[in-house]
Amino acid sequence: MSGDGEWRQELDEQQLEDVRRLLLAVREADGRPEVEPAGALPGEFDGGEHLVACVEGEVVGYAHLNTTGNSFGHQVAELFVHPAHRNRGYGAKLLQALDERAAVGFRVWAHGDHPAARKLALKTGLERKRELLILHVDVEGADWPEPILRDGVSLRTFVPGQDEDAVVRVNARAFDWHPEQGALTVEDVRADERRAWFDEDGFFLAEERGEVIGFHWTKVHEPTPGRFGGERVGEVYVVGVDPAAQGGGLGRALTLAGLRYLASRGLRQIILYVEGDNAAALAVYTKLGFTRHETDVQYGR
């Protein structure tokens with residue numbers, strides 16, 4: 001296995017298309033990552049460093065290293081091997097390259113918790129450091145009541161160009177413990193506003209005395225081969241409540257508002273991501289009908 005000889009901070013046009021074709025092939029086989037046939041790669045591949053692995057001129061693997069690190073200070077990596085070239089040791093070689101390049105304490109994602117990833121982690125001495133659960137609910141048969149708000153609190157939808165700062169402020173307070181979500185910036189929100197999936201009508205804000213105290217940002221995923229029967233899927237993307245405003249069922253009310261909105265769009269399935277050790281959130285979502293569907297794992301030393 002060879003590559004372009006070095007880690008790169010940017011991919012040239014040809015490398016970008018080569019990586020896109022590889023990721024599309026991976027998506028066809030595994031259902032992820034969510035990469036489009038044209039345009040920019042998904043946001044998780046922005047910045048950082050890239051390594052493209054080739055055999056006889058054919059791209060067989062790709063690794064990305066987020067050198068900035070998450071809010072806990074861990075550099076985070078992703079690696080992919082083309083489905084037609086698996087079980088030939090390329091994943092191990094990419095992981096070795098990451099191990100040599102990344103800072104001590106780096107983490108690497110294994111989406112879907114595939115047996116091959118578990119085997120590779122065990123072989124190389126990596127341990128499970130984090131589990132991110134994908135929960136799922138069928139809309140048909142769900143009976144989600146109208147949200148009930150405590151006195152003085154009202155709901156409205158997000159206004160682009162007006163509410164970014166307030167959302168980021170609440171998000172930072174609500175997720176100061178979270179390695180990725182807590183790092184959300186105004187620039188990140190504005191970047192998502194430019195994405196095709198963004199829908200301000202599905203972005204709910206809770207206000208009290210004119211101040212935003214919580215939000216529920218929903219998302220709709222276009223059909224992805226190999227996942228959810230090839231249907232469009234709604235997502236409880238982010239629910240954040242200012243710690244000073246917690247209590248009185250505000251988080252539940254915001255969640256219900258988003259679920260009812262997604263159901264009104266004719267979606268038959270809704271998902272969400274939750275940390276595997278967040279027992280309180282798991283209890284809330286279980287009561288709303290969600291069950292475990294998939295698990296993403298971060299490995300590290």
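Placement of Cβ uses the backbone N, Cα and C atoms for every residue, glycine included.
Across the domain 'N-acetyltransferase 1' (6-151), the DSSP tally of helix, strand and coil residues reads 46 helix, 39 strand, 61 coil. Taken from Swiss-Prot, the feature domain 'N-acetyltransferase 1' covers 6-151.
The feature acetyl-CoA 1 binding site is assigned by Swiss-Prot to Leu79, Phe80, Val81, with sequence analysis given as support. A sphere of 10 angstroms centred on the C-beta of Leu79 (acetyl-CoA 1 binding site) encloses 23 other C-beta atoms.
Mean per-residue pLDDT, taken over the domain 'N-acetyltransferase 2' (153-301), amounts to 94. For 153-301, the entry in Swiss-Prot reads domain 'N-acetyltransferase 2', with the evidence type sequence analysis.
Around Val241 (acetyl-CoA 2 binding site), taking its Cβ as the centre, 21 other Cβ atoms fall within 10 Å, counting all chains. Annotation comment: Swiss-Prot describes Val239, Gly240, Val241, Gln246, Gly247, Gly248, Gly249, Leu250, Gly251, Arg252 as acetyl-CoA 2 binding site, evidence class sequence analysis.
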Original post:
So, by DSSP, how many helix, strand and coil residues make up the domain 'N-acetyltransferase 2' (153-301)?
Top reply: 55 helix, 48 strand, 46 coil
Subject >> CB within-chain contacts under 8 A for Val239 (acetyl-CoA 2 binding site), separation at least 6 >> reply: Gly214, Phe215, His216, Trp217, Gly251, Leu254, Thr255, Gly258
Original post:
From the centroid of the CB atoms of Val239, Gly240, Val241, Gln246, Gly247, Gly248, Gly249, Leu250, Gly251, Arg252, the recorded acetyl-CoA 2 site, which same-chain residues not already listed sit within 8 A by their CB, in sequence order?
Top reply: Gly214, Ala245, Ala253, Leu254
Subject >> Cα distance (Å, whole number) from Gly247 (acetyl-CoA 2 binding site) to Phe80 (acetyl-CoA 1 binding site) >> reply: 43
Original post:
For the recorded acetyl-CoA 1 site formed by Leu79, Phe80, Val81, which further same-chain residues have Cβ atoms within 8 Å of the site's Cβ center?
Top reply: Val26, Gly61, Tyr62, Ala63, Glu78, His82, Tyr90, Gly91, Leu94
Original post:
Can you tell which of Gly247, Gly249, Gly251 has the most other C-beta atoms within 10 Å, given these are the binding-site residues?
Top reply: Gly251
**OP:** Take the C-alpha atoms of Leu79 (acetyl-CoA 1 binding site) and Gly247 (acetyl-CoA 2 binding site) and report the distance between them in angstrom, rounded.
**Re:** 41
